[in-house]
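*Asks:* Got a structure for you, written out below as C-alpha cells; questions coming shortly.
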C-alpha cells in the first residue's frame, strides 16, 4: 500500500432503528434479567469471519470459524476457558499477529475489504479494543485519551484542539462527570472501574467502527460492571460491539447475538434468546445450563 | 452449579508446627535457622553502621569548611597542602560525563534487547557482551583504555605533550572508560522496568493503531523512567567510587588542568583527580601524605554515595506507588 495515501475514510452507517420493546421471556436456566429493548430492524453487517483457523505451533486455537459481526448489535463470544474466544477476538484487529508462533488461515473482512489489505495501524484505529485488565498508560487522564488521537508518538497537537474530542470520548464512556474537573490527575490513581471506563474512552476516542471487549468486567466489582454494561448497550447503536465473556449472566443481560465456542470450533451462533433458551446442540445446552465450564 | 460430586472429606493432616505460629513451638532445626537469618541481618546492619560511624567520627574530626573550597597544593607541610576543591570538581565532572555517555547507550541497548531482540543470536551476543563488561575488573578496563586511547588518531580526546605526543590520559577518557562501568547497571535496570510492564499494556497501545516506535517512545520509556533513574543513580555511585580508572587515566595531577582551547571542554580534555584518587594518594597506605585529609575526603565521598543510594530508594519506592497494574 502506498504510504502516502490518506487512510480510507471511515464509513459511518446510520441505522435508523425504532426501539421496540419485546419483553424477554423469563429465563429458566438462570436468574439473569435481560436489560434492554431489542432492536428489531435489520442490522448492518460490518465484519465477516470466513473459515478462520488460528494455530499456535501445533495447537489449533480456532478451527474453521464462520461468523458475521453486525453494527447495532452486541455479539457475545462465550465458551469454556481455552476454547479460542479471545484468540478469535484478537484476530479481528490482527493483534494475534503479535503472539510469537501464531499463524492464521481463512479470511476476515471489514466492510468488504480483507483486513490483511488494510494497513495495520489504520485497521486498529477502526477496530479498537478494551482488555481484561484495566491498563491506562502512566500519564494523565487527558493524555491517555489524547494519545489515541495524536499522530504516532507526536505531542505536537495543542491541548485546546484536542479538548473537544477528548471530552466527547469521556462523555461517551460516562466518565466526564466524574473526572471532567481534574483531567491532569494520573490515570492510575483512579478506581478500577474508572480505569476501565477510561480504557473504553481511549478506545472510542479515534471514533472506531468496531469495539472489541475482552472480558472487560472480570476485574471489576458488580457496581462498575453494571455501569459498563449499560455503557455497552448505549454504544452498540453506533458501532459493532463484540464482547468475550466468561459470565453467562452477563452475556444473557447484554448480548443480542451469542456465539458459543468449544475447543476452537463454533458450535452455535444465533440470537441470544435462542442460544440460551432453545439451544440446538447438546454441548450448548450443557454449557448454558452450567454443566461444565 | 457444578455437577461434580463433592470429594470425600479428608482428615486434616497432622501439623508438625503449632498453627498459632509461635516460633517457640518450631522444631529445633527451624529455630536454629531462624536465629541464623536474624544474626545475618543484624550483622550486616552492624557492619554498615560501623563503617559510617567510623568514617563520620574520623571525617568530621578533620573536615574543615575551608577544605571544600581550597585548591589542593602539592606540599609536604599539612598546613599548606590546601583543601580538595579540585577532587570534588573532578568527581562531579567524571560522574556527569560518564552518565552522559552511558545513559543513552544503556537505555537504547535495553530497549533493543527487550522490544526487538532479533536475530536471537545477536541478542544473546549483546547480553554476553554486557556481562563481560560488567565482570571486567576496573583496573583491566583502565589498562585497556590506556592502550586504546594512546593511539595517535584519538589524540584529540586526551592531554597531549610537547610536539603532539598522545598520553591517552584525560578526564574525558576517564568518562569514556567509566561509562562502561555504569552501562551494565543502566541496561539491567531499564530492562527490568520494560520486562515488568505487563504485555497487555503494550498491546493496548498497539490496539490503538500505534507503531512499535510510538509505543516505546510514549508508553514504555515513561513507564520505565523510575527504573532508568535507578540505574543511573547506581551507575553514578559506581563511577564516583572508582579509583583504578582515574588513577591510570586521569593523568595523576592533583589540580584540574586544561588542555585545548574550547572553554568547558578543555577541562575534560585536561587531567585532574577525584576524591577517590585523592584519598588514595593521601592515605597511610599510599604515599602517606596526609591521612587526616584522606579521612575527611573519604567521609565526603561516602556521604555522596549514601545520598545517591537514598535517592535510588526514593525513586524505587515512588514508582511502586505509581504503577498499579494487575498482571
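Glycine is treated like the rest: Cβ placed from N, Cα and C.
According to TrEMBL, the transmembrane segment annotation covers B:32-57, B:88-112, B:132-154, B:166-187, B:294-312. TrEMBL lists B:88-312 with the feature domain 'ABC transmembrane type-1'.
I would like each feature placed in context: is it buried or exposed, what are its neighbours, and how far apart are things?
*Replies:* Same-chain neighbours of the transmembrane segment (B:32-57): 23, 26, 295, 298-299, 302, 306, counting only residues six or more beyond its ends whose CB sits under 8 Å from a CB of the stretch.
Beyond its flanks by at least six residues, the transmembrane segment (B:294-312) meets 51-52, 55-56, 58-64, 67, 84, 87-88, 91, 230, 233-234, 236-237, 240-241, 275-276, 278-279, 282-284, 286 of its own chain at Cβ-Cβ distances under 8 Å.
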*Asks:* Checking distant contacts: for the transmembrane segment (B:132-154), what same-chain residues at least six beyond its ends satisfy Cβ-Cβ under 8 A?
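*Replies:* Hits for the transmembrane segment (B:132-154): 166-169, 173, 176-177, 180-181, 183-185, 242-245, 247-249.
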*Asks:* Residue list, the transmembrane segment (B:166-187) vs rest of chain: Cβ under 8 Å, 6 or more residues beyond ends.
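*Replies:* Long-range Cβ neighbours of the transmembrane segment (B:166-187): 90, 93-94, 97-103, 105-107, 109-110, 113, 130-131, 133-134, 136, 138, 141-142, 144-152, 154-155, 157-160, 228, 231-232, 234-236, 238-239, 242, 245-246, 248-252, 256, 259, 267-272.
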